[in-house]
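So the structure is just underneath, and the comments pick up after that.
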Amino acid sequence: MNAKQAAGYRAAELVQDGMVVGLGTGSTAYYAIEKIGERVAQGLQIRAIATSNASEELALKYGIPLIPASEVERLDIAIDGADEVDPEMALIKGGGGALLREKLVAINSDRFIVIADSGKMVPQLGQFKLPIELVPFCYEWTLGQLKRNYDVQFEMRTRDGELYVTDNGNYIVDAAFGKIPSPAQLSHELKMMTGVVDHGLFVDIADTVIVGYEDGRTEMIEKKH
Ligand SMILES: O=C(CO)[C@H](O)[C@H](O)COP(=O)(O)O
């Protein structure tokens with residue numbers, strides 16, 4: 001068992017009968033979905049909401065019943081990966097481009113569980129480039145404003161030589177901050193910018209972090225209140 005698998009499987013064990021479950025996106029979330037699928041095949045009764053088209057496909061493959069978000073007011077639990085996790089449990093997410101749906105699902109869940117291999121645990125956020133989702137209309141102007149506001153490298157995300165388009169029809173720019181001394185402040189500043197849809201900083205959202213290690217061990221860290 002590898003580190004991502006260990007974290008994903010441990011989180012999947014926290015899902016209980018009757019829950020509405022948010023399914024994250026990425027290679028760690030994959031393992032949680034796989035294990036939840038196994039449990040559903042054994043009789044676990046849940047309903048789920050996927051955070052991306054890719055996770056939706058995976059859920060369907062594993063026979064996990066999906067519902068539209070409009071069917072519920074809140075989720076009981078959401079399980080998702082992260083690109084970086086700091087000691088305060090602030091996160092950078094969005095490496096896989098699903099940050100907007102992931103954040104919507106996370107903030108509307110009673111318990112947001114982050115699953116991460118130990119390499120994702122960092123003393124300070126920012127080495128991983130921060131994904132920022134932009135409205136395509138006039139995105140060059142938004143990008144220009146970002147460049148004027150922050151003296152860091154910005155790179156529009158591409159796929160197959162074209163601008164990468166999210167499941168929501170938006171673009172992503174990746175910002176190489178290097179160090180983010182105040183994730184809360186940067187999160188607020190970016191949210192205030194017209195043309196920015198959202199960004200990959202998740203501050204004060206995670207309730208639990210499950211860290212997976214290469215030897216298959218896991219560690220569960222709860223938010224300090
Ligand atoms: O935020 C995400 C997708 O938008 C992922 O959760 C994040 O990129 C971690 O991915 P992985 O588990 O593959 O390392």
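A Cβ is built for glycine as well, from the same backbone N, Cα and C atoms used for every other residue.
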Name the one residue among LYS61, LYS120, LYS147 that TrEMBL lists for the same substrate site as THR25, GLY26, SER27, THR28, ASP80, GLY81, ALA82, ASP83, LYS93, GLY94, GLY95, GLY96.
-> LYS120
Remaining residues near the recorded substrate site, that is with C-beta within 8 Å of the centroid of the site residues THR25, GLY26, SER27, THR28, ASP80, GLY81, ALA82, ASP83, LYS93, GLY94, GLY95, GLY96, LYS120 | GLY24, ALA29, GLU102
Please find which two of THR25, GLY26, SER27, THR28, ASP80, GLY81, ALA82, ASP83, LYS93, GLY94, GLY95, GLY96, LYS120 have the most distant C-alpha atoms, given that the record lists them as binding substrate, and give only that distance in angstrom, rounded to a whole number.
-> 16
Of THR25, SER27, ASP80, GLY95, LYS120, the binding-site residues whose C-beta sits under 6 angstroms from any atom of ligand 1 are THR25, SER27, ASP80, GLY95
